[in-house]
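As given in Swiss-Prot:
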BINDING   HIS256, HIS316  heme binding site
TRANSMEM  6-26  transmembrane segment
TRANSMEM  87-107  transmembrane segment
TRANSMEM  119-139  transmembrane segment
TRANSMEM  154-174  transmembrane segment
TRANSMEM  192-212  transmembrane segment
TRANSMEM  258-278  transmembrane segment
TRANSMEM  285-305  transmembrane segment
TRANSMEM  308-328  transmembrane segment
Amino acid sequence: MQKSLITKWLCISCIMVIATLVIGGITRLTGSGLSIVEWRPVTGILPPFSFESWQSEFAKYKAFPEYNSVNYGITLSQFKFIYLLEFIHRLLGRITALIYIVPLIYFYFKDVIKNRDMLPYIIALLLFCVQGFIGWYMVKSGLLNSPYVSHFRLAFHLIIAVIIYHILFYQLIKNRCDILLIPSQTDFKLPLIFSGIAITVVYVQIFLGALVAGLDAGLIYNSFPLMDDRFIPMEIKDNFFDLKNWYDPVFIQFIHRLVGYSVFLVVVVLISCLLKIEHPKLNKIAYFLMIALFMQVSTGILTLLYSVPIIIASIHQLFAIILLSIIIWCYFLIKSS
């Protein structure tokens, strides 16, 4: 009974984290992230209701660079749209944190979760506590002289959310005790190595994807597989190792493509390793990986070719998390054996 309760709690928490991630991505894609210019962790749980309240929020927004440089002349109705998107993202973050933290406290004091098992839950708790601050730290970077958030802070904000999800999802599958029953002589060395490598390169790719989003790097070189008929674009050919490139949209898109190829190759090798073991569970994971990889690659290419349509770009982000989840599941099953 207690195990089932923890499973349901972790499952709901994982779904809520994913929902917050996706809404956060849409908030970024629609340019809505700087519409709320204050951070009010407690009093900010309610949106403006009266016309006067909306006018007050709009007046605050007009005092910052984004209004004057990007959205000058927008109507109150247009402001409401971007404001509510950012509001929903922040509200989801708060609700997700509460859904995780309140039951965790209950489970701890009721001894449902033993002290020896608490470390990953505490780490996730600490990350939840700082994530709101990190989000505001990111937003604040776009409220100063430039109406654009720091792409590094954006990537940091995203990666913390992914780490939280990783911890919760791993505890979820661990709690379900979904282990393999395979003779001990079966060699798991290669699948274990490649699943670990796959997790690493997917993390790197998610980080780079956030940099692409932060610099609007998906709006240039909208061709595939080459960039203006070249593999390495002219802009970075002669100064490839210059650290300033990390502020260059062309360089960031190029690196995102390169790591994308790496993700594809590593996951294909992992699929091959899993199929060679000939175990039903691992075969199922291999097929799931094929589907997730196809969706991730195809939506990534379409996002680029069509200059970042919001729906396709959001699906692309979602499948990055789905792909990571399947690889984590694979890693757990192999390691548990």
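Any Cβ shown, glycine's included, is placed from N, Cα and C.
Here the transmembrane segment (192-212) has long-range neighbours at 151-152, 154-155, 157-159, 162, 218, 246, 249, 252-253, 255-256, 259-260, 262-263, 266-267, 269-270, 273, 316-317, 320, 323-324, 327-328, 330-331, 334-335, meaning same-chain residues at least 6 beyond its ends whose C-beta is under 8 angstroms from one of its own. By a simple count of nearby Cβ atoms, those within 10 Å, the most crowded of the binding-site residues HIS256, HIS316 is HIS316. With a cut-off of 8 Å between Cβ atoms, the residues of this chain six or more beyond the transmembrane segment (154-174) that come close are 7, 10-11, 13-14, 17-18, 20-21, 24, 28, 100, 120-121, 123-124, 127-128, 130-131, 134-135, 138, 203, 206-208, 210-211, 213-214, 321, 324-325, 328-329, 332. Outside the transmembrane segment (6-26), and at least 6 residues removed from its termini, the chain residues within Cβ reach (under 8 Å) are 32, 85, 88-89, 92-93, 95-96, 99-100, 103, 107, 112-113, 157-158, 161-162, 164-165, 168-169, 171-172, 175-176, 213, 310, 313-314, 317-318, 321. Between the transmembrane segment (258-278) and the stretches 87-107, 119-139, 285-305, 308-328, it is 285-305 that has the most C-beta pairs under 8 angstroms. Only residues 6 or more beyond the boundaries of the transmembrane segment (119-139), in the same chain, are considered here, and those with a CB under 8 A from a CB of the stretch are 33-34, 36, 39, 41, 90, 93-94, 96-97, 100-101, 104, 113, 149-150, 153-154, 156-157, 160-161, 163-164, 167-168, 170-171.
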